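Here's what TrEMBL has on this protein:
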type    : residues                                                       : note
BINDING : Gly107, Val108, Ser109, Gly110, Ser111, Gly112, Lys113, Thr114 : ATP binding site
DOMAIN  : 22-759                                                         : domain 'Myosin motor'
REGION  : 624-646                                                        : region 'Actin-binding'
Amino acid sequence: MDDSDDEEARGRFCEYHAASKDPVDDLVMLPGPLTEHVVLQTLQSHFFNGKFQTRVGSVLVSLNPFGSPPPNRALQTGMKDMFTSLVRNVRNILLDTSVSQVVILNGVSGSGKTHNSHVLLRTLFGDAGGGCQTDSFKYLSAALTVIQAFGSAATANNPDSSRLGYFFENVISEGAIYRTKIHCYLSDPYRVCRSRGRDRNFNIFYQMLFSLTPEERAKYHMTGYHTKNLAYLSACEAGTIDENIRTRFATWKACLGVLGVPLSDILRILSAILLLGNVTFVHGDGLDLVVQGEKELALVGSLLGISVTSLYKGFTQRTKRMGGHVFKACCDQDSANYTKDNLVTALYCRTLLALVKRANSTRSLKMASTASTSSGESFISETNVKNLLSAKSSTQGSRTSINHVLAPKSSEFIGVLDMFGFENIGDNGLGQLCINLCAEALQHLYNTHVFKATEEACIEEGVQCDMDVYYSENAPLVELISSQRTGILSILEDEGRMQAPATDAFIHKIRVTHKKTDFFEESSVGTNFTIKHFAGKVEYNAKDFLASNRECLHDDLLSIFTKGSCNFGFVSHLFSAEIKHLQENNSLCRGETFPVMPRVISSDYVYFSDNHPKTFSGDFHARLDGLLKILVQARPHFVRCIRSNVECKKNVFDTSCVCRQLRSLQVLETLHITATGFPHRLRYRTFNNRYKLIIPKVNNNNILKHDEMKPFAISKVILDVFLQMKEHALPFASAHWALGKKHIFLSEIGHQQLEAVRDEIRRIAATKIQTKWRTYVHMSRWPILKTQLLKRLPSRRLIIINYYYNSV
């Protein structure tokens, strides 16, 4: 870089520094003391100016204004400048380092995580996927539209709450998206048969009921049925029905066609589920149970392709083993109704998983997923919490896919993670405990990367900094819930294995085990206990913990779905692994049980023989375990999502609501450590390779010729040159970096300014290259062009010459 280029870069840098003082973009640039009031006031000012995203260094804070309703088709939201900048930065880091990247969205329910994840995906496709008109983008949009209808529902806190967690794995090849794989995590699969009050059932049921034509109602036996006379829907408050519900359902059907899934298969399952809600078994005069809702049971048999007699026996009879003998026994009414609800849950969840599998397998190239988990100890157990703290994990040994397929270790990806938000409803059960465990684990990952890793690195390398940040450490809380020996979920598993599991015994055990734990509190209600989460206290009702955790399907019920008994191929496919296992035993029922939620590997349902079926908490814990192992091996980027008010009102900024979330998400602590600490650190060789172009061309050549010159010395030369460039733009320059033993530590301001200088030098160099190339191209074409022009103009020239001589 010559002197003129140096002056130009210095001028550009000063312009950048002046612009960066605008507090609109980054809270780090705010003048004066960085207090909660200043942060809140700034966010409020941005909110009413229509700017809902604000940076805190590398962390992005996004406010949900509850503007327009979600579009009928997924991924149709517009792009936003802050997200565009984030996506480009993530992609550039991946290309520079060959390390996978993941964007993690955190926030309470209703904070806009799903919306923001869709904006990120759309932006990523625009930047690295060929745009939004490509077939791959349209296919992904159709897949998400289908899945979202199955996985979203209205709750007391959120009219459009996503009950699924999503991890979008965008495999990158040569800088472009090669394929996108969807990983789904169910939070409350039992909502389909246990929704109550303001917590409505899944959206797809309402869309179907309000949109079926009279002919379709007759075909799927829905004539005369509506939300008030269907038990699974009438238990919920009606609420406000979306005025575009028919349009949404039409869009859903079109998207289902894009996936190549027959509409009739899905509607038969959904109709059978709703009708089963009106079937109840009660005790009669004899030993056999009496069916209340015989008409509905007959209709369900017709929809599922099973005889009514077989369906009745599957619900009311059970094979048992005792003393080496196998015999049939009649169920009581509670067991029969319990089995019916389990079948409903299994039908719904397995249909959803089949749709996800279809979305990931259709048009797929033979590339495996990176989403894998060790078969060994739980990652968020007591033993492995330390590994999470250091953001390292062992991936050796047998590996089982968290979301159904295996992947080559060399795959690089850009992930977008939209998991469950923290929940505290009136009656918190096992589902809320698992959801909040997920929120705690992600919060712990945030603490590790933003606070703990920075603090420990400075101490280890003897770097002095002015940061004095107190953050909430929640590792003991994660242990409280998930420790393999003493965690609440482990105690629940142990109690469930007892011959006569009891809620009182479970409550007694966790109270004795955790009575001295700071994050645990006993409750005045006998079956309740309270946990002090990072977002506030939550009281859980453990009355149904054991029942919710041990949901299973008996072989007597599953045997009716074999090909000989069932003529509906799709429903038989949902239980294909279990049916295969039964057929290997000559289709004889032996009193075996199978999990409601199948454990899957290599995209096929697999049954693992065991004395006890896989439980809901165990399945959820294993999937969360595998997800965390993915996240700690990628470089994370965080988006902190905040809902603007409790009532979900459009463009209303509730100061107290926003303030509570700022505290729980530790935004102020993040601002302090970003503004006063050294959030960026690079090894000396990495720093030199990235910023050596700052050194003027002559000096650069002289320095690089000295092979014996240590990386530390080269880094000092780079910083000296950088000091000279910015001596007028930024005083007290030495406060923006520190030299450690192995790394150079940079403040947020110092890092931004180094990047600005680097970008400007690269821009100038690129402009020169473009100028030289265009000049070369045009000059090389000039002789040919000149010859062509001479051939076109000889006669005219001759006329001019003749006229000239004649006039003389």
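Numbering starts at 1 and runs along the chain as displayed.
Placement of Cβ uses the backbone N, Cα and C atoms for every residue, glycine included.
Annotated features, which come from TrEMBL, shown on the structure.
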residue : record           : contacts (Cβ under 8 Å, 6+ apart)
Gly107  : ATP binding site : Lys113, Gly421, Arg640, Cys641, Ile642, Arg643, Gln661, Leu665
Val108  : ATP binding site : Gly421, Phe422, Glu423, Ala535, Arg643, Gln661, Ser664
Ser109  : ATP binding site : Thr155, Asn157, Asn158, Ser161, Phe420, Gly421, Phe422, Glu423
Gly110  : ATP binding site : Asn64, Asn157, Asn158, Ser161, Gly421, Arg643, Cys648
Ser111  : ATP binding site : Ser62, Asn64, Gly421, Cys641, Ile642, Arg643, Gln661
Gly112  : ATP binding site : Ser62, Leu63, Asn64, Cys641, Arg643
Thr114  : ATP binding site : Ser162, Tyr166, Asp418
Legend entry - Shell list (ATP; ref centroid = CB of Gly107, Val108, Ser109, Gly110, Ser111, Gly112, Lys113, Thr114; cutoff 8 A): Asn64, Asn158, Gly421, Cys641, Arg643
Inset, instruction - On the DSSP side of things, how many residues of the region 'Actin-binding' (624-646) fall into helix, strand and coil, could you say? - result: 9 helix, 9 strand, 5 coil
Inset, instruction - Count the Cβ atoms, other than its own, that fall within 10 Å of the Cβ of Lys113 (ATP binding site), considering every protein chain shown. - result: 27
Inset, instruction - Reduce the DSSP letter at Gly110 (ATP binding site) to three states and note it down. - result: coil
Inset, instruction - Calculate the per-residue pLDDT averaged over the region 'Actin-binding' (624-646) and state the result as an integer. - result: 92
